[in-house]
Amino acid sequence: FILQLHSNSDKGDGSVKYILTGEGAGTIFIIDDTTGDIHSTKSLDREQKTHYVLHAQAIDRRTNKPLEPESEFIIKVQDINDNAPKFTDGPYIVTVPEMSEMGTSVLQVTATDADDPTYGNSARVVYSILQGQPYFSVDPKTGVIRTALHNMDREAREHYSVVIQAKDMAGQVGGLSGSTTVNITLTDVNDNPPRFPQKHYQLYVPESAQVGSAVGKIKANDADTGSNADMKYTIINGDGAGVFSISTDKETREGILSLKKPLNYEKKKSYTLNIEGANTHLDFRFSHLGPFKDVTMLKVIVGDVDEPPLFTMPSYVMEVYENAKIGTPVGTVTAHDPDAANSLVRYFIDHNTEEDRYFTIDASTGTIKTAKIFDREETPWYNITVAASEIDNPELVSHVPVGVRILDVNDNPPELARDYDVVVCENSKPGQVIQTITATDKDNSANGARFHFSLDEGLSLNPNFTLRNNEDNTASILTRRRRYSRTTQDIYYLPILISDGGVPPLSSSSTLTIRVCACERDGRVRTCHAEAFLSSAGLSTGALIAILLCIVILLAIVVLFITLRRGKKEPLIISEEDVRENVVTYDDEGGGEEDTEAFDITALRNPSAAEELKYRRDVRPEAKPLSRHHPSSSLDSIDVQEFLNQRLAEADLDPSVPPYDSLQTYAYEGHRSEAGSISSLDSATTQSDQDYNYLGDWGPEFKKLAELYGEIEPERTT
């Protein structure tokens, strides 16, 4: 039961009917339409819904008419403590340096409670530690975990598992709780000095030991790890400081004792060395725990023995490139007889394993050669054993291990790590990353670990997609334009060039297939199938219109060009500055000597021979020409000054002359000579027959001229 509705019109006779509507009406809440009692049909959860808005109304049962206006009321769900606190991020893994001060903060954990924090203590959480005491503590309010002890030593205990509990109701009885685990690891600091296990050591070294060879090892123990345990060994004094040297193996942190000078048993049978081992990385916070070094004494005893051939090194590491030809030298091992006889040495390989059959050795020189072609990607390392024996005493045999490292050759191009299914949404934006790709290379890191991605430079710029090399052996495929259409093109092919960092670098080309898909707004792919298209040729209507428009523009340009070529005229004057002569060029062929109408120059040379007013040939004359013949008396009376003035007036008043200045030159050769004119121009205009016999009377100077015209005269007569 939740509540009862009652109307003042209700007399208890059942004539009033109560109706309930709103959130949960009829499903979560039901009403007795006679009494108005409202009940809930199921349990309510405040964390799902905090309140319900309902409407109630009383109506007449017989007429179904409302007796009162509709009323609204709200049912609020009151919270109870039915949700336990939860650690959403657990379990936790955290580290803290060893030897930290008490109270050093390690981690803060937070638990959440779904109950109402404003009502009661249902969501008030208190933290406590269930496991991990007395090493750690937790703040009950903030959940901050701190160290609870001084100087926690990693060498004593490194890992701790702490269980933290969060309880609501402020930790009171009846509250709900949740827990999480915090795994805490103490990290190392340099708080332990190195120590030699013994204060005195003894080492036997045969006098046949080779200079530069390692004759012994010594090690100081350090409980720290990593760089805090790095060591350096030195010989600080002793009578053997000039004969022996010591170096540090960084991997094993051992002191390698080597021979600097040859040993001679007959001269000195033993040496004493004081060796110091010291840390190289010191932490001055813990200097009071030092000194961080230790000293031991090493006694070296020189032995006099009859030894087999002695190799110059205790072990050999050789290298050869893969794909090397059979018979390629790998390296040389050297051994000699340390005895006074100094017998010759013979070398051979112990074929105890299959790997020994990959190499051969020269019995005299000790040169190791390849017997097969190697592939580093299959086997990167081979271990063989080389033996040496004296020719005079084959029973004295010495062995030396030889490790052959197969060096990598950049013989494998990089390739895509997998087949990528790249999808681009139709509503993609420019610069959007649609796929990140990576590559693999069978070669080692020196020849292929660093990849460079690029588009094929031999192709034109891709207008749809681009590639960004991320400089971390990956590349991102990005869009270059806005929106893609499946109907126009549903698949794109993007050639990608991948190169490695080897020497020489190798590259390979791969093609990514990019599908155009329809996507939701959140990027989820809806469908990738292309829909029917209007044109079977695969071109949109807009593309067809653009192509036709380009064709029309090209045709218009061609027509305009032809029109301009036809309408173009050459200027009458080539240069305005060059006024010496006017050359008028026409493209029509002249009529030759018989064409006497093309241009009559006699009027320019002899004003008296002018027959008419000459009109310009480059423009249409507005008036008809005058008669071509004048009385001879008028020609004889023409004055040169009047002729020039007449021509000047014509040039000034002629409306059809070009709109620029022109220079017209007239030359007057004189008024007629006594002998008359012999010009062919004059003869062409007069049309009169002449007798040239008088030319023979002019003297020898005109003899040739008289002969020429004497020959012409009979021809004309004939």
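Any Cβ shown, glycine's included, is placed from N, Cα and C.
Residues or ranges marked as domain 'Cadherin' in TrEMBL: 7-87 (among others).
The domain 'Cadherin' annotation in TrEMBL covers 88-196 (among others). According to DSSP, the domain 'Cadherin' (88-196) comprises 3 helix, 45 strand, 61 coil.
Sequence annotations record features per position, and here TrEMBL assigns domain 'Cadherin' to 197-311 (among others). Broken down by DSSP into helix, strand and coil, the domain 'Cadherin' (197-311) contains 10 helix, 55 strand, 50 coil.
For the domain 'Cadherin' (312-416), the model's pLDDT averages out at 88. Look at TrEMBL and you will find 312-416 (among others) tagged as domain 'Cadherin'.
Taken residue by residue, the domain 'Cadherin' (416-533) breaks down under DSSP into 4 helix, 53 strand, 61 coil. According to TrEMBL, the domain 'Cadherin' annotation covers 416-533 (among others).
For 543-564, the entry in TrEMBL reads transmembrane segment.
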By DSSP, how many residues in the domain 'Cadherin' (7-87) are helix, how many strand, and how many coil? 0 helix, 33 strand, 48 coil
